[in-house]
Ligand SMILES: Nc1ncnc2c1ncn2[C@@H]1O[C@H](COP(=O)(O)OP(=O)(O)OP(=O)(O)O)[C@@H](O)[C@H]1O
Ligand SMILES: [Mg+2]
């Protein structure tokens, strides 16, 4: 291995690591706030990538039907609950807004010539299409189980993952897809060519991580989510509803997932079922962080990306095995160090 | 004005709460008029904490809870907080890994959400009331001393400017001087128009500041009346007020 190969591999490792770090942070966020291990996070990644690819091929992404279907079920449930209890005008307005939003997005998708609009508009549309799916999924599948044991939540999460992979196959077909890079230029750093998409991935990831950090440290809404993670009852007593917290974290996770998909789609070919492995590597990062520490999780995820890249060079057949074996020493170490933190007031 | 102060802010009737098959509250009736300080005293395990939890919607209950002009049947906690009910729970439920200041700010979450920007002023008022919290504002809540935690819990509840503040043994573990200070704060709050429902072990102090009192025993209201009358009731003196001195006599003999 010479220096040039090392920098190339390092570049790949860093790109993947940045994505894993984003995913690790959202897994951690969802877990600490809702106790749900968000296994379907990877599906948001593939949905994001494949939706972008469909648009660039000039096709209307079929994911619109998923959004429409979910919004309709959601609103139907809302109306049913309103009738059962009492009719609240504000809630009715919310229902109308939700339906209106879905209709507008679908109208836009069907009337714009999607392959010709600027890429930034394609990205915005993709995000507008996918992000609302997150909170609706929380509301339909997890909100009724808010007090269920963690194991039940995990089983539902796995079921949801399997279902979403199936839906992915149905909506996007079995073919893989790649998208155009954000910009075509390359950069020369000494003797090495840096792909511009690499820079995009790293810069956007850093930007998102910093933005998340600021949101959670500085804004009262971010603090409210943290508070829910720290003490659920305490948060409820301040009027911070766990439902609000759940929906907000799922929206964030859907956003980060689909944004990651959009970022890596120009670099790797993604299939309807590629998401799981990707999010699993983010998960390894989250485990390294002990499912509590954000900075350690992010560093762990970058390490996973690096190890993956370098194991491609030395033992490419074993790269997944090497990455996932990594988790074992950390799990052992964690379980030896862990003490039961049951209820701290 | 007299009419307004005579309004029932809280009206609980025939409240039943059960833990599994064991009934912890069997038909409680309780009213609290606007601007009053009502105290609930009683022995350990009488159901005082259960009562507050049920009113707050933390525990499912049977019976009706009428608060601030609305009926709530098994409401959820957040809705009641939004309607102006605040609780300092027995376990305090602080955000232990967050700073004192963040804990206080989160107390104003509902106000912030409604777009009420005056919460910073309330924050200053609370720092004035508890200078200790000001000194420790950047410290993690979990590292506070027991008494400081009590102050933080009370301060956090006050940040939401509740119409009715319910407190579960706020003087627990506080030094006598601070206890006196806290009771003084309650009378101050009441004179500012905040209604208070106070659960206390320190019956003597509670009866002194309260307008009206309930004595809870075995999940039922055993006695009730104006606090000053109960304070002179021989049965209450025997069971709750005289106890400490009798106990001390026994110890010293
Ligand atoms: N989660 C629970 N499961 C079963 N029983 C409970 C539970 N919580 C409380 N109890 C029981 O209900 C009764 C009333 O408890 P509660 O905590 O309301 O008493 P309290 O009046 O607040 O007592 P203290 O003065 O000691 O705080 C007690 O007998 C208690 O053991
Ligand atoms: Mg109690």
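From the backbone N, Cα and C atoms, a Cβ is placed for every residue, glycine too.
Nobody curates TrEMBL annotations by hand; they come from automatic prediction.
As annotated by TrEMBL, transmembrane segment applies to A:20-45 (among others).
Summarising the annotation, TrEMBL assigns transmembrane segment to A:95-113 (among others). Long-range contacts of the transmembrane segment (A:95-113) within the same chain, counting only residues at least 6 positions beyond its ends with a Cβ under 8 Å from a Cβ of the stretch, are 58, 60-61, 64, 67-68, 71-72, 74-75, 78-79, 121, 125, 128-129, 132.
The feature transmembrane segment is assigned by TrEMBL to A:119-138 (among others).
Among the features that TrEMBL reports, transmembrane segment is placed at A:150-172 (among others).
Annotated transmembrane segment per TrEMBL: A:198-216 (among others), in sequence order.
Marked as transmembrane segment by TrEMBL: A:250-271 (among others).
Summarising the annotation, TrEMBL assigns transmembrane segment to A:283-306 (among others).
Residues or ranges marked as transmembrane segment in TrEMBL: A:318-336 (among others).
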**Study point:** Within-chain partners of the transmembrane segment (A:198-216) [C-beta distance under 8 Å, separation at least 6 from its ends]
**Key:** 11, 14-15, 18-19, 21-22, 25, 29, 181-183, 187, 222-223, 225-226, 252, 256, 259, 263-264, 267, 294, 298
Review point. When you check the transmembrane segment (A:250-271) against the transmembrane segment (A:318-336), do you get at least 3 Cβ pairs under 8 Å, counting only pairs 6 or more apart in sequence?
Key: no
Review point. By a Cβ-Cβ criterion of under 8 Å, what residues six or more beyond either terminus of the transmembrane segment (A:283-306) are in contact with it?
Key: 10, 12-21, 23-25, 27-28, 31-32, 37, 209, 213, 323-324, 326-327, 330-331, 334, 338
